[in-house]
Amino acid sequence: DAGSSVEEMEFNWDEYLEDTGATAAPHGSFKHVDTSLQNGFAPGMKLEVAVKSDQNTYWVATIITTCGQLLLLRYDGYGEDRKADFWCDILTADLHPIGWCQQNKKVLKVPEGIKDKIPDQEEFLQRVLKGACSAPANLLEGLHRGKNPLDLIAPGSRLELQNIRDSLEAWIVNVVENVGGRLKLRYEGLEDLDKFDQWLFYLDPFLHQVGWAAQHGYSLQPPSAIRSLRSEADWQEILKKVKEEEEESSVPTDLFKDKPVIGVHSFSEGMKLEAVDPMAPFVISPATVLKVYNDKYFLIEMDDLRPERAASQRYVCHVTSAGIFPVQWSLKNGLHLSPPPGYPGQDFDWADYLKQCGAEAAPQSCFPLVTSDHGFKENMKLEAVNPVDPEEVCIATVTKLRDSYLWLQLEGSKKPVPECIVSVESMNIFPVGWCETNGYQLRPPRKAIVNKQKKIAVVQPEKQILSSRTVHDGLKNQELNSSDSVVINGKYCCPKIYFNHRCFSGPYLNKGRIAELPQSVGPGNCVLVLKEVLTLLINAAYKPSRVLRELQLDEEAAWHGHGETLKAKYKGKSYRATVEVVRTADRVADFCRKTCIKLECCPNLFGPQMVLDKCSENCSVLTKTKYTHYYGKRKNKRIGRPPGGHSNMEVAMKKPNKRRKRRKHFFVHKKKRSSTSVDNTPAGSPQGSGAEDEDDQDESELSHSLAQDRDKRKRKLRTFSFSDDENKPPSPKDIKMEVAEKLQLDSNPLEWSVADVVRFLKSTDCAPLARIFLDQEIDGQALLLLTLPTVQECMDLKLGPAIKLCHHIERVKLAFYQQFAN
C-alpha cells in the first residue's frame, strides 16, 4: 500500500463515472441520508421574530424554506405575497418559539406593511395559531441553537445498544466517532479496547437514547462476548457511574424521532424461511424462527445440519428486518438458494426439507409488502460499507436487483469480497460523494500493476477481443511460455510498444510524466494497444487538450486506418476527438514514427524498437529549433481550438469564439512525485515553455481563426459539441472583471433582490449555478450569510464548485464592507 495515499487523494467520482460510463444512484434513494441532513426546522413551522423596523416588537412568521442554518421567513398576514420574504441566520437573528413573547412580556405587534390587512390583531393570531406547529424551542435557545441535530451526537456521548446476537438485553455504548450520522461505538467499560467496536447509523432500530431499556422493561447487561472481561462488581460500578453522568453525556430524545417504527409480527417458533446472515450477506439460505420474545422481536437461526457444528449463527429480528424472505422466494426470483451446511447433495427442495424437519413455512402474510419505488437500477454506482470490514466504505456497483434488494460488487476493498446482498433501505449504503462530504476515506478502485513477465496468448474468434488494458494489467486468457505477440482470429497483431524515456520529448510532452510511463504496452490487438499508447501520451502532456488536437484525424489526409475516439481533460473541461490508428502490425512502426513527428518529439520516443543506449536519431542534442531543421517545418495549422464545423474534437466550452477567462484554482491536490520528477507545468523547462506560450497564443487568436474558417469548409464526420455543463466557462461578453481584480459594486448587496443576485452570478464563472439561487430565492441578505458548509449542504455541490462559488461570495462581502458598511 505504499502508493495508496496518492491514489486515494486523486480519486474523483465525476471522472470515474465518465470513464466507466456508469451513472450514480439518485440521492433520493437514500432516505436515511436525507433524514440526517434535516436541521429540525421544516416549512410551515411558526415562530416569533423581531420586527425589522422596530426591534422592540415581535410578530409571528412562517418558515418558507430552510438552507442549513438559514431560514426564509414570511410574516403572517402577507398571504401568498413573496415580496416581503426575508432570510435570517438562526445563530444571530432574534428568533423564538410561539408563546415566548407572552412568557417574557414582550410585545407582539403587526408590522407596518400589513397593518391595514389586520384590523383585529387578537382575532388574527387566534386564527393563524390554531393547530400551528411551533419551531422547536431547543433549536432556538441554549447550546443547541443553530446546530444540526446530528452534530449533537458528539464523541463521548452515550447511547444504549440492544444485543442483536442472542438476546434483547441492552448495554451502554460510547460514541467514538460520528461520520455523517454513521457512528463508531464502543461498549462502556472497554476503554481503549477496540476489538468489539461496531459501526451503526444513528437511526438503526436497535440503537436508543440512554434510559430506553428501563422505560421498555429490558435489563442493562453487557453482552456475553465481553462479560468475562470484567467482574460482576466492576460492571455494576460502571453502570452506577453512567447513571450519575447521564445528564452530561446524553443526547436529545427528539433526535431519534425519525427512527423506523417497529411493528407487530406474526411469526411463531419453528417456522422456516429464507434468510441472509447479516454478518456474511453473500448467500441466501434456509433459516428457522428459534424463539419469539414478544410481539415485536424474534430470534432467527441459520440452519446447520452438521452434527459437529460450532456456535450457530443467530440474530434478533423484527417484522421489517432486512434479509428475511418467505420460502421459495429465491426460486421465484431466479436465484440460487444455498443448502444448509451438512445437507446431502446440492439440489435443495423445500418440500422435502420441510417434511424432513417436520416444520412449516412462515406464511406470506408474515412478511411486509415489497418496496418497489426505490430508484436503483443495474450498473448504478454508490458507496457501501464492507460487511467484512465495517471500517471500509467502498465503491459499489449494482449488479442485480430483485424486489427491494440489491446485489453489490465492491471495489477497492483490502481483501476481495463476494457480491453483497443489501436492502434498498439499508443504512450501510450511501450516495456518490457521501464520504467526501463527510471527510471519510472512500476506498478507491485498485490501479492495476503491470506484470511484464507474462506473455499473452490466443483468443478464440468466439471469445471477446483481448484488450490492451487487459494485457497492461497483467491479466490473461491463456498463458504461453514464449511469445511476444498475440494471435487474434489467426492474424499476428501489434507487438510491444516501448516508451524510450531517454529520447527527446518535445515541446508538448512532460519529460517527468514520460519517465513515469510503463516500459512497454502490449502485445495485443493493434487498435486497442495503440489507443492505450496514445491515451498515455495525452495524459503525459503539459496540456492534454493540445496533444489531442495534434493527434486528431486530419481532414486532408487519406484515411487508411481505424477511427478511435480519445479523451482528454484539462482545467476541468473534457475534450474528445477522433484519432486514426492502424489495424495491422506491418504499419505499426510507421504509425509510431509519424505520430512522434506530429508531436515534435524524437521519432523513437515510442515504437516497437527499444532504445538501449544511444538513440539512432542522436536526439539528445535536439531542441525545438533543431527539431524543425532536421524533420521539416510543421505545416501551418489553424491556431486555436477546432472551430465548430471543421473539427471532430468535442470541447466543454460554452462560447468558443472569444478568449477564455483565466480562472484561479483553489486547494488543488497534486500527485506526489519523486525527486527525479519534473513539475507538471512547463515552467523552467526549455522544451516546455514554448508549448505554454504557444497555447496561450492559441486562445488569444481563437476568435480570429473562427471568423476566417467558419464558412470555408464543412465536414459531417467532425462535430463540435458541449459537455460538462457545470464546468462551462462563462460567456466572455458577460464578464466584467478578472477574478483577481477588486470588485466594485454599483449598489448595496443588502438591498439586492433575487434577480440582482442571479444577474451577478451570471457575470462570473459560476453562471450555471444561477438557476439554484433563483429556485431557492436567495436575495442579497441571504447571499451575504452563505458559507462554504451551507453552500455544500443546501446546494448539493462538490467541494471544487462550492469553493469557487464561495470565492465570489467573499468578494461581494469584502466589497460590501469597503463600500457600504460605514
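Yeah, the Cβs are placed from backbone N, Cα and C, and that goes for glycine too.
In the predicted model, residues of the repeat 'MBT' (11-111) average a pLDDT of 86. Feature annotation from TrEMBL assigns repeat 'MBT' to 11-111 (among others).
Residues or ranges marked as repeat 'MBT' by TrEMBL: 119-223 (among others). Using DSSP to sort the residues of the repeat 'MBT' (119-223) gives these counts of helix, strand and coil: 23 helix, 30 strand, 52 coil.
Summarising the annotation, TrEMBL assigns repeat 'MBT' to 233-340 (among others).
Residues annotated as repeat 'MBT' in TrEMBL: 348-445 (among others).
The compositional bias 'Polar residues' annotation in TrEMBL covers 675-688.
Residues annotated as compositional bias 'Acidic residues' in TrEMBL: 691-700.
Annotation comment: TrEMBL describes 749-815 as domain 'SAM'.
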How does the repeat 'MBT' (348-445) divide up by DSSP, counting helix, then strand, then coil residues?
15 helix, 31 strand, 52 coil
Would you list the DSSP helix, strand and coil counts for the residues of the repeat 'MBT' (233-340)?
24 helix, 25 strand, 59 coil
